[in-house]
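Annotated in TrEMBL:
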DOMAIN    39-432  domain 'Amino acid transporter transmembrane'
TRANSMEM  75-97  transmembrane segment
TRANSMEM  134-156  transmembrane segment
TRANSMEM  168-186  transmembrane segment
TRANSMEM  193-216  transmembrane segment
TRANSMEM  228-251  transmembrane segment
TRANSMEM  263-286  transmembrane segment
TRANSMEM  306-331  transmembrane segment
TRANSMEM  352-369  transmembrane segment
TRANSMEM  375-396  transmembrane segment
TRANSMEM  417-440  transmembrane segment
Amino acid sequence: MDEGHEKVVETVLAGNYVEMEVEGKPKDVKSTISNFFWHGGSAYDAWFSCSSNQVAQVLLTLPYSFSQLGMLSGVLFQIFYGLMGSWTAYLISILYVEYRTRKEREKVDFRNHVIQWFEVLDGLLGKHWRNVGLGFNCTFLLFGSVIQLIACASNIYYINDNLDKRTWTYIFGACCATTVFIPSFHNYRIWSFLGLIMTTYTAWYLTIASLVHGQVEGVKHTGPAKMVLYFTGATNILYTFGGHAVTVEIMHAMWKPQKFKAIYLWATAYVLTLTIPSAAAVYWAFGDSLLNHSNAFALLPRSPWRNMAVILMLIHQFITFGFACTPLYFVWEKAIGMHECKSMCKRAAARLPVVIPIWFLAIIFPFFGPINSTVGSLLVSFTVYIIPALAHMFTFRSAAARENAVELPPKFLGRWVGAYTINVFVVVWVFIIGFGFGGWASMTNFIHQIDTFGLFTKCYQCPPQLPPPPPLLNATAPTSSQANTTHLQLLFHYP
């Protein structure tokens, strides 16, 4: 039975994926180099994309979450939500294969069309599921892109504070708009590879720099101290391992999407080797100071190593902006009838309106850290946990659907009974803990940030500016000895 299922999928899904590419080009040195850097459709490409997309700027906010949760809860929640996220990513991959197989048996051609999650829901469960999935997915990806812009401005400020964070947001909004020229996830091969190297460097920089720095004087580790902070930190970790809102698009970019099944699990395993040591080390060194510094870079001393980490994270956030925004580009293209246009320049121009609301929202809500938890509780909880689990149960609720399923649940998990049991647990847990308690805590914290800093704040969590030095009492040029005395007075703030 399993072998027969595997042969069906292999036969139906083995064709090359072609999207915004010109077929029949002669192969020369230039095209060979282009294929090497540009045309990624292997399982390795998918692994790099999943790993790179999962751990972007959230790497810098996890120490902040540890200060809210405490060390033990921080580690346990990462492992727990990592496994839960891997399970729901697996469910999404199963539903994608099921949908695509059914459609291609009907002779539907997807070579110039990127399948998306809402289309999978539409084909398997109907328009009401499609509308709910489309609404949650697009809103999450919109705010996921917003978070990348906020992170860019927050990070660059620690290298160059001559401009405030809001001005940096204007600048990086324009830079990230260039992602409209990247056709699809099929073309992220070199970017996802480099992105993972960048986050690996940053994670181990945070770990080593914190251990070398040592604990600050009088360090305290009181977390968890308040229930609001506890569930805020937990939902930030829920957000961390909820990066598979783009799973369908990544799968569709693969030559053989049926090989995706365990890729997200292996990606999560690697990501945990980055997130747990770095968050634990920074929290060990700085303790409760992190409660007022959601960006880990804020507490580490300026050095060439830190500057390198900041620059690499900036580049990676540009890449992750593209990951989050590309599915929105596809939805917009389909809405205006441009998705199957062969001209990349025309499609790029048509995509530009998508960037404008993202830019605007990043300027309104520049709350680096708290916005992650809010998005995690209100959007990620449904988009990548609850809806996939429910969709899997409803798709295979009948005996005929289970008997004709292209992919069967793993035998070691108990086949259909085991899958349904895990799905029910995911739905109940995420709805009560993630959406319920997490939503309450995250919104409370988010509203507190608005009350404290205000909307359109110019420089969120920036250190206070020192007042200008007082003017000299006389207008005549001071002598050398007077000048030295004045410099000492200013240095030690003598009257």
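The backbone N, Cα and C atoms fix where each Cβ goes, and this holds for glycine too.
Automatic prediction, not curation, is the source of TrEMBL annotations.
Values in this document were obtained by computation on a predicted structure and should not be read as measured data.
Across 134-156, 193-216, 352-369, 375-396, stretch 375-396 shows the highest tally of CB pairs under 8 A with the transmembrane segment (228-251). Panel annotation: around the transmembrane segment (75-97), residues 9, 13, 50, 62, 69, 115, 117, 120, 124, 233-234, 237-238, 240-244, 247-248, 251-252, 257-258, 260-262, 264-265, 268-269, 271-272, 275-276, 279-280, 384-385, 388-389, 391-392, 395, 406-407, 422-423, 426, 429-430 of the same chain, lying at least six beyond its termini, place a Cβ under 8 Å from a Cβ of the stretch. If you count C-beta pairs under 8 angstroms between the transmembrane segment (306-331) and each of 168-186, 193-216, 352-369, 375-396, 417-440, the highest count goes to 193-216.
Residues 43, 46-47, 50-51, 54-55, 59, 62-63, 65-67, 71, 74-75, 78-79, 82-83, 85-86, 89-90, 93, 199-200, 202-204, 206-208, 210-211, 213-216, 219, 221, 240-241, 244, 247, 293, 296, 299-300 of the same chain sit 6 or more residues outside the transmembrane segment (263-286) yet have a Cβ under 8 Å from a Cβ within it. If you look at the transmembrane segment (134-156), the same-chain residues 6 or more away from its ends with a CB under 8 A from one of its CBs are 56-57, 60, 116-118, 165-166, 168-169, 172-173, 175-176, 245-246, 295, 297, 310, 313-314, 317-318, 320-321, 324-325, 327-328, 331, 357-359, 361-362, 365-368, 371-372, 375, 379-380, 382-384, 387, 460.
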